[in-house]
Amino acid sequence: MAGLSLQCGDCGVLLKSVEEAQEHAELTSHSNFAESTEAVLNLVCSTCRKPCRSKTESDLHTKRTGHTDFVDKTLETANPISLELPKPSVDSDGVAGASTSNMESEEMVAPEVDKNLLGELEAMGFPINRGTRALHYTGNAGLEAAVNWIVEHENDPDIDEIPMVPVNSKAESRKPSLTPEEMKIKAQEL
């Protein structure tokens, strides 16, 4: 049977698409995803029509509103997940359209980080790749934040790989990485 969702191997949350998995990875720095035959729940409140993606969400909705009846529409909306990236549309001249800029493969580069902080991390004995990764994911928030990030992520399989970002996002600053408690809350919200 084809996979119906992607499951994060780090926190167990089920995601409906590759795009959702990418967003989850950006929010949580998780990178371990696998296909799952379990569909993402689609529970709809009978009273207010609010969709809930998990039993936890429906329980929270019940606590907040008092609504207790939910219709399970999971099987109606469950579709096999596609691990293929959408192909860009091509116009009559054979040129990819501007509307597909998000889907086109972009040139990837190492992120810009604070060179002074990177030098300090290097002086402390951390490899350049690890320091670059820590500064990138903490938004260059400082030496202490970078060291804390390294300690929290020292067992990540990709800890010594330089993260690559699209050229056009080079100027954008990253938001600092979430704390483990914030990650759990975000994962539950998803």
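The backbone N, Cα and C atoms fix where each Cβ goes, and this holds for glycine too.
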Where TrEMBL places region 'Disordered' among the ranges 47-70, 167-190: 167-190
Mean predicted confidence [pLDDT] for the domain 'UBA' (112-153): 88
